[in-house]
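Taken straight from TrEMBL:
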DOMAIN    8-181  domain 'Endonuclease/exonuclease/phosphatase'
BINDING   11, 40, 140, 142  Mg(2+) binding site
SITE      142  site 'Transition state stabilizer'
């Protein structure tokens, strides 16, 4: 029986507190997903053992020496996951899975707020090197492709937070498809909310 691959992407903004890790674990366990992609773990390399969580699956971790950045991927062991790439900056992590006999490369990113053009140029080369299988690119891009529909732009500059040309080049060169936008061409939904006003801000998590 064929099943759909279920994936969650979540910017958790820090996982150093045990109570927060437990709450997030409880939420994710109820989702019953195959792959979990986490951004901004903020867990330093020397403490990365706190991210081991067999309730969520086999863990793959990319941390730095500081309590900044950091990405992680959890995969159910039955999908035979193996790490295929991680950068030195705690921002890119790739894992290959064997889903129902098909190899798929899952790449989780946490893009920077600065030097975005350079980051996406680097990412394109990484993805080209991993292009031997089907690919799923997801994570926190810290920007959106179309601010007019992906952000609340009433009080913002029109192009603020827009993905750079280097990402658009990457998207075209690798034939990437924004699946959510493909399925919802005009709909507005948001994954980030202002903590001050709790108002929808943008859609950085793909």
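Any Cβ shown, glycine's included, is placed from N, Cα and C.
Heads up, TrEMBL stuff is auto-annotated, nobody curated it.
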By a simple count of other Cβ atoms within 10 Å, which of 40, 140, the binding-site residues in the record, is least packed? 40
Among all the protein chains here, how many other CB atoms are within 10 A of the CB of residue 11 (Mg(2+) binding site)? 19
